[in-house]
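Data block below; observations after.
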Amino acid sequence: MEPTGSRGDDFEREELFAGTTGSDGASDVPMKRPLLTVCRDFVYRRLPFAKWFPEYRISQDLPGDFAGGLTIGIMHIAEGMAYAPLAGVRPVNGLFSCLFPALFYMLFGTSRHVSVGGFAVICLMTGSATTRATEQLMAGMNVTAADEPKIRENLAIQITAALTMFIGFVQILLGICRLYKLTPFLSDQVIAGFTTGAAVHVMTSQLDKALGASIGSHNGLGKLFFIYRDIVAALSQGRFHLITACIGCFVVFCLFFIKNWIDPKLRSWLNIQKPLPYDLFVMVLATFFSSYFALHAKYGVAIIEDIPTGLPSAKLPELGLFPLLALDSVSIGIIILVIHLSMGKLFAKKHTYPLDMEQEFYATGLTEVLCSFFPVYPPSTSLGRSLVGESAGTRTQLSAVFSSSLVLCVILFLGPLLEPLPTCVLAAIVIVSLQGMFRQLGQVPQLWRVNRIDSAVFMVTFLATVLVGIVPGLCIGVIFVLGTVIFRSKKAKLTCEVETAPKQCPTRADCQLVLTFTSPLIFLNVEQFWRNLRKLLDRAASEKAPHSIVFDLHLVTNIDTMGGNAIIEVHDYCQKHGYIVHFCRANEKVLRLLNRMEQFERISTAFC
């Protein structure tokens, strides 16, 4: 199979016209490419499925896609239902949110290994937006207490579907504006710190469900402090459901113990490489015991209750909700892209196939828009599920067919069997599933030893996300990264060596002073450049160093106007102090800017 997506990060748009060259070497009038070729290339680029599927290698790729697809499908069932309450909708909507996105992304995406569906962080952000919008809409309604739960449920579904469509529009617009070129500012440390901080919010949101405690809702700065205060107060005052708390804690303990201690030994003993679906096993057992002991009827344990069978019909979302959801659409849409692109680049680099960054913006946007016609919450790439799918053998996007087929079986036939499942079990599954994100905190000591600035980026983003909020935390992390870029630019050094000039320099003095600046020369570090230069010249004068100076510019990858003026002024300054000055190995970009400056002509002979 050919690499999915024929363009990498540095893809340049193909020209619609190709010139022909005459016998004299001159270019003739450009000839228009055949319309059929233009249309074919456009379809291959915007619908990658049309290119890679006809070239699919059944014998090599199908076994891995089948095994990986079934593994991901099992996780979809457990996580889709568990994450649905985070988004404020019913578990069956979580199954829909795992069925449709995987199939739509298979058509438009260029990453072979990402798993698109439910993701805890995005579901939590969706739930916050849904709760706020629902309260605003309910404030203008006159409903009875008996009808209120059903109305809230219907409103939540309408809001999440509309939010999904608006997110898709935002992502497509970002792709049209070519903002995928800004993704390098989202470093690995920012993403790791953000996802770890967001995991704290997700875990906190599930504690009251896992314990059966009743606490108030909080928003704004430091809301986690108030939530934990309420949880402690509820536990100390006995305002929680004892049986629910026991079940929730027991499931958390069992899953954590099994996944971290029993699973590695069991798989080694059985010689199994693929992960076992413990979450699904727990769901099945919990459903059986809940039904057998009538936990809901006899002891008041909250359960999922009604799970309808059958597929929903397509319906246009409520576009009138856009004013309520505009800001949430932008923030959630950007974070979905951040997570998706980071995982896509990880797998593309590991398996050496190109990832079309521009197409990924359109792929995620189109997936969101098409999914919004069904009662879903916004889908996103899942970090853990994608890694599990890859380790299970996934080879191409076709694995989505097998994962979605498994989810479809549950939707059509098996859904009612899961109705007695206690909701505290779903909360426990979510809490344990976050341990992979919390393990990222273990990177901090290693990062500190390797690069303290990267360690600071991680911790600042993590703490900002935990203390300030999910969206503000990501913004603070990005701003901090930009600040570190400025800091590193200002700390650039001017190194000095006494040696023979580089070969590119026409001066062949026996002994010269070679100065090398280790950064682009821009307005941020011009002062630092001058400060270092004066110190070096003062030291050279005291040590009676050579009076021939070569400025080696091969590390100066870029300059601005202030940098260009600095080079001219440096030439004059050094000549004034009796030095012979030469500039060597300047790249084309630097020379192009210098040539546009009026005073450069008089010093151009100093360049070699």
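Quick reminder: no glycine exception, Cβ is built from N, Cα and C everywhere.
Keep in mind that this is a model prediction, so the values were computed, not measured.
Residues annotated as transmembrane segment in TrEMBL: 91-108, 114-134, 155-176, 240-258, 278-299, 319-341, 421-438, 458-487. According to TrEMBL, the domain 'STAS' annotation covers 513-608.
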Same-chain residues near the transmembrane segment (114-134), Cβ under 8 Å, at least 6 residues beyond its ends: 72, 75-76, 79-80, 83-89, 94, 97-98, 101-102, 105, 152, 155-156, 159-160, 163, 195, 198-199, 201-202, 205, 217, 219, 321, 324-325, 328, 331-332, 335-336, 339-340, 343-344, 347, 367, 377-383, 385-386, 389, 400, 403, 430, 433-434, 470-471
Confidence summary (mean pLDDT) of the domain 'STAS' (513-608): 85
Considering the transmembrane segment (278-299), which listed stretch of 91-108, 155-176, 421-438 counts the most C-beta pairs under 8 Å: 421-438
Recorded stretch, among 240-258, 319-341, 421-438, 458-487, maximising Cβ pairs under 8 Å relative to the transmembrane segment (155-176): 319-341
DSSP helix/strand/coil residue counts for the domain 'STAS' (513-608): 50 helix, 18 strand, 28 coil
